[in-house]
Amino acid sequence: MKFLDEAKVYIRSGDGGGGSVSFRREKFIEFGGPDGGDGGRGGDVWVETVNGLNTLIDFRFQQHFKATIGTHGMGRNRTGANGSDVTLKVPVGTQIFEEDRETLICDLTVEGQRYCLAHGGNGGFGNAHFKTSTNQAPDWANPGLPGEEKTLWLRLKLIADAGLVGMPNAGKSTFLASVTRARPKIANYPFTTLHPNLGVATIDEREFILADIPGLIEGAHEGVGIGDRFLGHVERTRVLLHLVSAQEEKVGKAYKTVKHELEAYGNELTDKPEIVALSQIDVLDEAELKKKTKELAKACGKTPFQISAVTGKGMTEVLRALRDIIVEENAEEKPAKVPKQRHRDIVVADEGEDVGEDGADDQP
């Protein structure tokens, strides 16, 4: 399945049905009076997170979503049927923005979370509502209120426990493929990875999710290379695994380049716990390995792990280090709860009238 992390959609909730103008007509009842029913409420447009999705590709083929209108009221005080709701199914981690792409509407981080993006219009009052002591036979009714129409942007930030960062050809995809069942594209040229990949790693019977993003080069925050547009996918991670290829001529400079790009991107990425590893060490002899390990340690201020996805050396130790930090971070954070948003009570008002949720002002 192709990966898409941003999509534009057009939504419209349903219009409310019009109220009915009707009078009771029965044999031997001379003055039956008005009995026009209210119109039905228009359908809402909802967004809901579901399990099993990690892309917004479906919204490339369908961008328009429209709920149905409420039906008109009928005689004998019959209320029209409500319109059917429309629900957009999105992956966990999806954010919804206004058309300006900056105003955040909601951030959906829990499976099963729902949010109403557009409320349907209220149905109009039937003429039975307008009967008074001085007007026993009103011959008018309220039209239904129009629904809401919006243009929105959907932006996906993948939910993962650990994020892999580094320069192109640092061995991130090879690492992911060796410790998970993910099968990212692997080749010996820069920018083989063009979109994020996810995989589930297991160590000592504990599972956690790894996210591999395309490599960063100098100037990525200014759009050089693929740029930093995929860094949003590691914003939610607990820890970053920074891989530096042992094939780099200057491993210290390679580390600092990526670190600078993370700082330029912002969003507290550099505040996350970081594990540094010298990867692809199987290509070095002992003397060269010792030299580059010392150089990298000086640049990052800590002793880096030495790993090789080909031989398996150091892989278990790195996974355990990742697991320990993830467990510690999860223990400090309270479990997330699904925010609840209840349906509005059905209220009907004249156009332009302010109506509260409790329907206290629903009289015309």
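Positions of Cβ are set from backbone N, Cα and C atoms, glycine also.
Because the structure is a prediction, the values reported are computed rather than measured.
Among the features that Swiss-Prot reports, domain 'Obg' is placed at 1-159.
Mean pLDDT, taken over the domain 'OBG-type G' (160-327), works out to 86 on the 0 to 100 scale. Annotation source Swiss-Prot lists domain 'OBG-type G' at 160-327, citing sequence analysis.
As annotated by Swiss-Prot, GTP binding site applies to 166-173, 191-195, 212-215, 279-282, 308-310. Using a 10 Å radius centred on the Cβ of Lys172 (GTP binding site) and all shown protein chains, the other Cβ atoms total 31.
In the three-state DSSP assignment, the secondary structure recorded for Ser173 (Mg(2+) binding site) is helix. Taken from Swiss-Prot, the feature Mg(2+) binding site applies to Ser173, Thr193.
Here Swiss-Prot flags 330-364 as region 'Disordered'.
Under the heading compositional bias 'Acidic residues', Swiss-Prot lists 348-364.
For the recorded site, Gly166 (GTP binding site), the DSSP three-state label reads strand. Within 10 Å of Ser173 (Mg(2+) binding site), as judged by C-alpha distances, the binding-site residues found are Pro214; the full candidate list was His195, Pro214, Gln280.
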